[in-house]
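Take a look at the structure below.
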Amino acid sequence: MRIRVPATIANFGPGFDVFGVGIGEPYDELKFVESDEWEIEVEGYDVPTDGRNVAVVAARALATLVGEELYLRMKLRKEIRPRSGLGSSGASSLAGALAAARVLGIEDDGLIIKAALAGEEAASGSAHGDNVVPAYYGDFTIIESLNPLRVHRIPVDFPLVVVLPQIEVPTREARRILPERVPMGDAVRNVALAGALVKALTSGDVQTVGRLLEDRIALPYRLRLMPWFARVWKAALDAGAYGAFVSGSGPAIFALGEDLHAIGKAIAEAFLEIGVDAEVYITRAGVGAFWL
């Protein structure tokens with residue numbers, strides 16, 4: 001059995017820890033069979049090949065939640081780079097949870113997502129759901145609550161460009177530097193942006209979605225980890241982007257616009273000017289996990 005789980009853009013614009021969407025590339029792929037012990041083999045990026053692997057953590061978590069004994073032999077094709085801002089740990093965690101669910105015959109969304117979040121917490125120190133949830137559902141997702149699980153979904157299908165520089169931004173550090181309180185004016189601005197962005201998504205107005213890619217809650221404090229952001233953001237807009245923003249906690253950047261190849265090239269060249277190579281993905285939003 002084999003499951004493919006996509007990369008995700010979390011913290012989409014003003015929706016810190018709430019908005020997220022799956023994208024077509026890159027992705028993680030997990031093959032698995034029942035076994036008499038836990039085993040995991042990894043191809044691609046370097047991640048643990050023992051019980052610390054988040055796919056194993058999540059699969060075990062689901063078995064524990066339902067009181068079942070389970071052992072799997074897994075082979076993980078790891079194409080989403082860790083610490084990329086593209087939901088790497090969330091994708092592997094969800095893959096593990098879905099594998100366990102398939103073997104155990106579990107179809108409960110809440111249980112599967114709860115198990116996947118156990119893997120996410122093991123990796124990042126926080127059980128935030130804005131990678132796991134959109135990867136699971138495949139739509140643009142709005143997390144009202146994780147416990148109980150309440151998710152609002154907006155079907156989307158629009159092209160975008162993602163640029164991934166050869167820089168790492170550790171998720172734990174990116175969360176640690178956030179303040180416990182923000183100014184009232186910033187909170188009000190984010191509410192306004194979030195409401196308008198949801199309206200634009202429901203009407204398919206991608207140009208307005210791009211214009212609303214702004215945040216006052218998290219990004220201002222994370223810029224110390226991404227001093228290059230203003231440079232690449234300007235390069236994207238100068239190349240015709242409707243808007244550009246950080247994916248997750250970075251360093252990946254995504255942008256919306258008409259000529260995505262030109263926009264991606266401009267962002268990559270802006271990184272190259274500071275001595276950093278970058279990969280460019282022309283892909284689509286609105287992709288979820290699926291069985292192969």
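Cβ coordinates are placed from backbone N, Cα and C, and glycine is handled just like the others.
Per Swiss-Prot, the features are as follows:
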- Arg81, Pro82, Arg83, Ser84, Gly85, Leu86, Gly87, Ser88, Ser89, Gly90, Ala91: ATP binding site (BINDING)
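This view paints the features noted in Swiss-Prot onto the structure.
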residue: Arg81; record: ATP binding site; contacts (Cβ under 8 Å, 6+ apart): Pro26, Tyr45, Ser88, Leu164
residue: Arg83; record: ATP binding site; contacts (Cβ under 8 Å, 6+ apart): Glu168, Val169, Pro170, Thr171
residue: Gly85; record: ATP binding site; contacts (Cβ under 8 Å, 6+ apart): Leu164, Val169, Val246, Ser247, Gly248, Ser249, Gly250, Pro251, Ala252
residue: Gly87; record: ATP binding site; contacts (Cβ under 8 Å, 6+ apart): Ala7, Thr8, Ile9, Ala10, Gly20, Ile80, Asn131, Val132, Ala135, Gly248
residue: Ser89; record: ATP binding site; contacts (Cβ under 8 Å, 6+ apart): Val54, Pro82, Gly119, Glu120, Ala123, Ser124, Asn131, Thr171
residue: Ala91; record: ATP binding site; contacts (Cβ under 8 Å, 6+ apart): Val5, Pro6, Ala7, Thr8, Tyr27, Asp28, Ile80, Asn131, Ala135
Practice prompt. Determine, for the ATP site, the additional residues of the same chain whose CB lies within 8 Å of the mean position of the CB atoms of Arg81, Pro82, Arg83, Ser84, Gly85, Leu86, Gly87, Ser88, Ser89, Gly90, Ala91; present them in sequence order.
Written response: Ala7, Ile80, Asn131, Gly248
